[in-house]
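For reference, the structure discussed in these notes is given below.
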4 protein chains.
Amino acid sequence: MSDIILDSKADQLADVRAQRFSTGRATVEALEEILYEPIKVLDHGFVRIVDYMGDDGAVVQAARVSYGKGTKKVNQDQGLINYLMRHRHTTPFEMCDIKLHIKLPIFVARQWIRHRTASVNEYSARYSILDKEFYIPEPQHLAAQSEVNNQGRGNVLVGAEAEHVLTLLKQDSVQAYSHYQDMLNLDENGQILDENRSGLARELARMELPVNYYTQWYWKINLHNLMHFLSLRADSHAQYEIRVYAEAMLDIMRRWVPLTYHAFTEYRQQGAHLSKTGLQAVRRMIKGEIVTQENSGLTSREWGELIKILETE
Amino acid sequence: MSDIILDSKADQLADVRAQRFSTGRATVEALEEILYEPIKVLDHGFVRIVDYMGDDGAVVQAARVSYGKGTKKVNQDQGLINYLMRHRHTTPFEMCDIKLHIKLPIFVARQWIRHRTASVNEYSARYSILDKEFYIPEPQHLAAQSEVNNQGRGNVLVGAEAEHVLTLLKQDSVQAYSHYQDMLNLDENGQILDENRSGLARELARMELPVNYYTQWYWKINLHNLMHFLSLRADSHAQYEIRVYAEAMLDIMRRWVPLTYHAFTEYRQQGAHLSKTGLQAVRRMIKGEIVTQENSGLTSREWGELIKILETE
Amino acid sequence: MSDIILDSKADQLADVRAQRFSTGRATVEALEEILYEPIKVLDHGFVRIVDYMGDDGAVVQAARVSYGKGTKKVNQDQGLINYLMRHRHTTPFEMCDIKLHIKLPIFVARQWIRHRTASVNEYSARYSILDKEFYIPEPQHLAAQSEVNNQGRGNVLVGAEAEHVLTLLKQDSVQAYSHYQDMLNLDENGQILDENRSGLARELARMELPVNYYTQWYWKINLHNLMHFLSLRADSHAQYEIRVYAEAMLDIMRRWVPLTYHAFTEYRQQGAHLSKTGLQAVRRMIKGEIVTQENSGLTSREWGELIKILETE
Amino acid sequence: MSDIILDSKADQLADVRAQRFSTGRATVEALEEILYEPIKVLDHGFVRIVDYMGDDGAVVQAARVSYGKGTKKVNQDQGLINYLMRHRHTTPFEMCDIKLHIKLPIFVARQWIRHRTASVNEYSARYSILDKEFYIPEPQHLAAQSEVNNQGRGNVLVGAEAEHVLTLLKQDSVQAYSHYQDMLNLDENGQILDENRSGLARELARMELPVNYYTQWYWKINLHNLMHFLSLRADSHAQYEIRVYAEAMLDIMRRWVPLTYHAFTEYRQQGAHLSKTGLQAVRRMIKGEIVTQENSGLTSREWGELIKILETE
């Protein structure tokens, strides 16, 4: 459907983009520039800004429960936003919202939806017929199971195994869609196949399709909850296929609220949380003591995590 | 503080109002006209639109998970919105948001905040000194306790009793503020009273003030949750002092999303829910049977509620 | 996996069930009787009560902000609960919680999760290998697309078409699992297939499986939100495959909170909401006027809905 | 009212406590011991456990989406809970709930209610008459405004100023209640004062009372959200009058879920979050470099916060 939307309705889309209105609301020029533009993610997915409310000034304004545009001097606004971020005063960040149109594989949608603090309207496969669009990983993302992490990826598959896996994925995806259409009593052009058949209900036929098929939704979230989403999903532990969406949204956030983005990067994304025992180890290290896992009180896994934090440049 | 905001910063407010931006976002002219304008409520309160996102078209658009402006014909949009409202398809209404600046008595704020589905930034009496502004009811709203409803108002107080009550309220409110300032070691002009005293912490001194004192906050809510709030608080059972705020917001809603407002009025506010037994009684009435409370299966209270629904014009 | 849980660990399950503790908390005997017992739904699914908090008395108690067990007389408790339900005083119903272990097809899980007011822990296909269990409709549930309702089912498919559809569903489900195992480098017994292959990461291999495969989760929800879920999903417009879960949970609710169940049935499930214009038509009917769609002010669809409400026995 | 509840209904309370039921649910003996017992906080407040669901085992169980009691070995459960806490896998902690009856001053309730992720039933001053109970700080908590922190306390007030402030608070509290009763047309024994007066509606008369008056509510929250509440409100930056409630709840949590309590203490409460620039400074310190505020890239306030973290024992 999305290609139908973005191709056959291209004229209408152009119309929408061309329309400009006059508003007294907080407006972000850098976001207006990419409003309605699909930003490509994975092979057939995208993220597209549909609407937004507020800017960095709205965060400052809410923090001051004042009506103006905050202080005029940017460094004061940055200082206040840094303070809010550092001290977990999160409510002012709830005062900004963004609404995105997203196209994504079903298995990504299933992870995504676990974040319950957003509003969602998803394309309904009870009501409409899904498009023939499915996700096939690029060869460099076709990873083996990690041997050290139950929930992660290891080396990239190569050679015959890679080819074998890709062939299975593609063939089965194509076959599933062909059978999906058959169940619906449709030919490959979407025309009725056999006048004597009824066609299975769409809400049942969809059962045939695997979770690499694409769905799409409108997704609206406030800035506070967006940062929570991004801190988990733009993280290196997140599955690649959702991380690329998070990264696209990080770029959007940087355009939208640059001061908040800076504070988010400085105080959350690139900072680190140390445990009570981890802190004690750090204090001893600073005093020049030789601290080892054995005398640190940390488990070997925790010790590994601490060392990684302390060694990263 | 609010008067300080709205008076001494009047120039800055005028500046804000005068600024216009160009946007590609959904824009509602009727709302732009009253953006930032305080709408007076009670003796010192107000509701003021700070920002908004979306319009009726955004509801339609989300329902269609499409990108455009919905169908061009208004009657089709109205029909779809009516359908959504009637069948409780509530998620498309979550796609619109409004942010209001509200000044209200503390006891109203305490009822209000029980709606947990909004974002709030309240003026902090730990951080700042409250203004000398308190709510005193108009004589026509000075009601006696209802004798039939534990939670409601009866006749208006008159004569000596009314005067007595108003005098107590006013005197005590004035006295409380005077003592509040005294505890803070401030004179009535807000200047330090006595160099040899420290002044009580603001977070403690505020304990002195009664709940008819005004507070203020930024409050952001989506259209779905706003309608839930309004269906409870613009209702005749709601306390007068919160109902007037709800009524001001109903007016705002009518300007903002006229099609949704129409559907809300038709299908929720002015409709009624009948119980299983109430419905059975109605079916018998339509058949021409004589239905009484006794043979209806309803309690006398339920019977009274049903008759009231059926008799209202 | 669930069958593994419920079969191979049967002894442990028996152990759990046999253990009894002494508690001072509100306890519901009728629920204790079926605690931990899987209630079968669809071909491989189930609903199983893992824990619960509160009972009808807890609703009454919260409504009274009192500490006792509410009034001793059941009819007073029923009256209060009816009142709360009728007047949408919903917060006391939030004071009871239930935690369920549910096994359900992925496409059902995708509808279900749109209710955001519950806590969920789902079986992770990043971490673990899914079982070979998929949903195949019973012949009597293999329905054609409705011709009048875009979102519903029509007649049951019969004969060759039914057989054809079932064959496709079964074959493709079996084949998908076989290829899933192949990608994971596992044979059909779950043993390593080829020492020279790495096996695709589980988080990628799962993409191969269609949405009729079963997943499972722990799902915790309060009584208020449960009723909201049930009012939508035990409704005749809900898809059959989720409705059967809702019906199983209605039975659980009836055991758990019989007074609340009664009020829910009387005031919500079997009642009806009339619009402003619908009410006007009813008032005229009661007066003996001949009301038709044309003179009612209702659209033909609304008129049909009203007539259906008024004719149901 | 609460004293009425806890005194005049003492027999009934004893009854409730004496009743024991047999359950198959997870049960925590250390919590059963204090079930229904009011734990005194401030001069007239309390926290009282009304019900709970789940234990440490329920967290483990949800994390494993398994049905049993988790592993038998406590150290494995502690290890898993530590892992969940460290890596912000928060959903398993949502699977436990606690319901508390709390009596607290209105100004504390106003801070408290800003946490929107709990269920609340509050004593209604529209419906009932408030008790004559108000909070007066102990002399050692009668603090001056901090001169360095706009939102905090400085030295304790002493001598004449302390006496003056306490006298104002007490006199005004007593007077407010006397006038409250007068407005309600009640004498000090709660009897009708004057047959010829109507008495002001309770929903209006309550306006007279200051925010140091006590209210009470039932408050139900899951373990995840409780920890969020405690991390903010048991913190040294929280106002003393809410912190003492948080501390009472920390004790309750320690009894309820000792493994989770340990992880919470180790990984959150007594740990610390370092910013990107703060981490860089720490890395340089460990290498033996002389790091000063000037060459650290931190603001002086951030530097102060970092030094405090590194110096705490």
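Cβ atoms are placed via backbone N, Cα and C, with glycine included.
Just so you know, TrEMBL annotations never went through curation; they're auto-generated.
The FAD binding site annotation in TrEMBL covers B:Thr91, B:Arg114, B:His115, B:Arg116, B:Glu122, B:Asn222, B:Leu223, B:His224, B:His228. In the three-state DSSP reading, B:Leu223 (FAD binding site) counts as helix. Long-range neighbours of B:Leu223 (FAD binding site) (same chain, six or more residues apart, CB within less than 8 Å of its CB): B:Gly54, B:Val59, B:Phe93, B:Glu94, B:Met95, B:Cys96, B:Asp97, B:Ile98, B:Met253, B:Val257, B:Thr260.
What TrEMBL records for B:Gln111, B:Trp112, B:Ile113, B:Arg114, B:Glu122, B:Tyr123, B:Ser124, B:Ala125, B:Arg126, B:Arg206, B:Arg233 is dUMP binding site. Note: B:Gln111 (dUMP binding site) has non-local neighbours B:Gln239, B:Ile242, i.e. same-chain residues 6+ apart with C-beta under 8 A of its own C-beta. Secondary structure at B:Gln111 (dUMP binding site), as computed by DSSP, is helix.
Every protein chain considered, the tally of other Cβ atoms within 10 Å of the Cβ of B:Arg233 (dUMP binding site) stands at 22. What TrEMBL records for B:Arg233 is active site, involved in ionization of N3 of dUMP, leading to its activation.
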Length of the line joining the Cα atoms of B:Thr91 (FAD binding site) and B:Ser124 (dUMP binding site), in Å:
33
Same chain only, sequence gap of 6 or more: which residues have a CB within under 8 Å of the CB of B:Arg126 (dUMP binding site)?
B:Arg202, B:Glu203, B:Arg206
Which of the binding-site residues B:Thr91, B:Ile113, B:Ser124, B:Arg126, B:Leu223, B:Arg233 have a Cβ lying under 8 Å from any Cβ of chain D?
B:Ile113, B:Ser124, B:Arg126
Cβ under 8 Å from chain A: which of the binding-site residues B:Thr91, B:His115, B:Arg126 qualify?
B:Thr91
Would you find the one among the binding-site residues B:Thr91, B:Ser124 whose Cβ has the most company, meaning other Cβ atoms within 10 Å?
B:Thr91
Can you tell me whether DSSP puts B:Arg126 (dUMP binding site) in helix, strand or coil?
coil
Between the Cα atoms of B:Glu122 (FAD binding site) and B:Ile113 (dUMP binding site), what distance do you get, rounded to the nearest Å?
11
Taking just the CA atoms, what is the gap between B:Ile113 (dUMP binding site) and B:His228 (FAD binding site) in Å?
13
To the nearest whole angstrom, state the Cα distance for the pair B:His115 (FAD binding site) and B:Ser124 (dUMP binding site).
20
